[in-house]
Amino acid sequence: MSAKILPIKIYPDKILRQKAAKINRLDKKIQRLILDMGKTMLAKEGAGLAAPQVGESIRLIVVNTKNGVLAMINPKITRRSWSKEPGEEGCLSLPDIIGQVKRSKKIKVIYYNEDNKQIKLSAAGLFARVIQHEVDHLNGVLFIDYLKKKGLPAKFREQTLR
Ligand code: CO
């Protein structure tokens, strides 16, 4: 069966605020979800996509890289550089808003790939930004949480955490 484009959960859908569960078994369902999420991200021209955005509250993200779709299972950011930089972000779950978010310039991340192999990766710049944004989704954090509430349209204001 070929991969399919999945519907995106849009803010303020509650799943976007849940802490996603760790994946304990890399079964057929997860393999299928990785393919579907990859196809969905490319079709919607997203820089990345997290499983809660397609209704699955589990710790899985995909990132759009120049080498193709990179899937990260149970990703954990182990180091974040003290040095941060602002950059423009948007989100497929927040279709009407973009904002400047300060993120660490460099990070280290550990995750499992589709072959259940543990990978350690260093990332910088936009790549590091996208990983930080997507890992935030797994913890119920959205990029609007980093923006000044005053500048946000009313419909985004009430549910921001900080
Ligand atoms: Co997002």
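Using N, Cα and C of the backbone, Cβ positions are placed for all residues, glycine too.
According to TrEMBL, the features are:
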| type | residues | note |
| --- | --- | --- |
| BINDING | Cys91, His133, His137 | Fe cation binding site |
| ACT_SITE | Glu134 | active site |
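The structure, with features from TrEMBL marked on it.
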residue: Cys91; record: Fe cation binding site; Cβ neighbours (10 Å): 26
residue: His133; record: Fe cation binding site; Cβ neighbours (10 Å): 24
residue: Glu134; record: active site; Cβ neighbours (10 Å): 24
residue: His137; record: Fe cation binding site; Cβ neighbours (10 Å): 24
Where Cys91 (Fe cation binding site) sits in the secondary structure, as DSSP reduces it to three classes: strand
Rounded to the nearest Å - Cα separation of Cys91 (Fe cation binding site) and Glu134 (active site): 10
Env. residues of Fe cation site, Cβ within 8 Å of mean position of Cys91, His133, His137 Cβ: Gly48, Ala50, Gln53, Glu89, Ser93, Glu134, Asp136, Leu142, Phe143
